[in-house]
Amino acid sequence: MCLYALILVFLAAFTAGGHPSSLPVVDTLQGKVLGKYVSLEGFTQPVAVFLGVPFAKPPLGSLRFAPPQPAEPWSFVKNTTSYPPMCSQDPVAGQIVNDLLTNWEENISLQFSEDCLYLNIYTPADLTKRDRLPVMVWIHGGGLVLGGASTYDGLALSTHENVVVVVIQYRLGIWGFFSTGDEHSRGNWGHLDQVAALHWVQDNIDNFGGDPGSVTIFGESAGGESVSVLVLSPLAKNLFHKAISESGVALTAGLVKKNTRPLAEKIAVVSGCKSTTSASMVHCLRQKTEEELLETTLKLNLFSLDLHGDSRQSYPFVPTVLDGVVLPKMPEEILAEKDFNTVPYIVGINKQEFGWILPTMMNYPPSDMKLDPMTATSLLKKSSFLLNLPEEAIPVAVEKYLRHTDDPDRNKDQLLELIGDVIFGVPSVIVSRGHRDAGARTYMYEFQYRPSFSSKMKPSTVVGDHGDEIYSVFGAPILRGGTSKEEINLSKMMMKFWANFARNGNPNGQGLPHWPEYDQKEGYLQIGATTQQAQKLKEKEVAFWSELLAMKPLHAGHTEL
């Protein structure tokens, strides 16, 4: 246990005056759940923690590739004091992502299962009274193929800001997004799980001291994309009231596709199923064991690009798909028509989104590759289907970003900047503009800080890598300790911004730097060692790419994987 955050888990009755005299038990629609009290040093009010609360039936058997169903009721007091298994995924990659991003001091050993539709709740409310605190529902990232709830401890955010934090899980990879493109398996099962979790929150969170009329959804990377999809989805209407997308939106390249039939057929073939009809593929894949589907997952080499063979046969993600249910139309069309959930919205990116963690996990560009403009052009052409770039646009982009330098390290940095702009920067600004133009209150930020928790393998020049803001949002400097006063204050400031937004739909508050609304002046906040206002985030890049991509037929990049 670190000096800065001694976490006391009270598994017996409290003895101190004013503390609860027994463990927390709360009623849900399905039955009673037993939690535990946890306190953060320096705070008298403990947080009641409930881990592994079921919000849907286990998605097994005929419920594989099917919408989630309500959890079965129980008549006993369910013990919810230990972490649920994460949804099925590559266990090695899953552990790596957990260890890189967690705000825990200790690395926890993870378990994985197809039976994974559970959520974790952290509530500072006095459960003997009818508190109605703001609710913040976190949707984890991981490319829709990795990640889980228990990486993120909501204790610091909940304690410091007096909010109820709910961390949800959703089916991933083949289990979560397998789509034949028709009624046999429409896909987006993971997004339907997210919607089911939000319904559960509406039905139950008041018993945990939360206000079902003040729910903020927030997420990072594929979690940010999920938040953006839910903002655009008619299914999620009235299930949340504010939204925050960190480093991921519904226009993020590679995460949303119009049609994933070729991938469905590849999954079937790799699994040893016939791919002749949708019905036969779904029937055969439902007979496979969880271990067999995991074997298929590993053979698909998710999160990596095949730069030697036909790159169109390389699938780094099993993406969100146009299903006519979660997404009635492509995100671009929904944004243009201004027909979506116009809740207050924070959208942000990090300064070097493709700085280290993503290139390392995807081995893209290959670490041993000497980069010159010709090599960079070839590399981008091999991944143009993923980045949604027309091949004819690539030489123009390489010329703009690489600027004719002979230094391979400089070329690599510029290529990483190009990819970061295409995948994260430009789409985030376009979504923010669309949200603003629909009349909704919008805020933008760019995170510019290198956390002390960064991997020792990360080059010291990488500041504001993908995922770096999570440490601050979840209070890692407070929970893990051993960091500077500057980093602790940055975390406290970000938690305050996020929680103010959850309370009021506006991040501003006393003692904080002013965060301008993202209006026609396009003011935004640069968050880091120095936090200050700026204007027109990525304006030149958005103009460049918009002009360049105007030569591309509408949605051409979405027609196939």
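Cβ atoms here come from the backbone N, Cα and C positions, even for glycine.
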Per Swiss-Prot record, range annotated motif 'Prevents secretion from ER' [choices 294-297, 382-385, 402-405, 558-561]:
558-561
Measuring Cα to Cα, tell me the gap between Asn107 (N-linked glycosylation site) and Cys87 (disulfide bond) in whole angstrom.
18
What recorded positions in the list Cys87, Cys284, His466 lie within 10 angstroms of Ser221 (active site, acyl-ester intermediate), counting C-alpha atoms?
His466
Using a 10 Å cut-off on Cβ-Cβ distances across all protein chains shown, tell me which of the recorded positions (Asn79, Asn107, Ser221, Asn489) has the largest neighbour count.
Ser221
For each of Cys87, Cys273, count the other CB atoms within 10 A of its CB; which of these disulfide-bonded residues has the top count?
Cys87
Of the recorded positions Asn79, His466, Asn489, which one sits closest to Cys87 (disulfide bond) when you measure Cα to Cα?
Asn79
Between Asn79 (N-linked glycosylation site) and Cys116 (disulfide bond), how many Å separate their Cα atoms?
16
To the nearest whole angstrom, state the Cα distance for the pair Cys116 (disulfide bond) and Cys284 (disulfide bond).
22
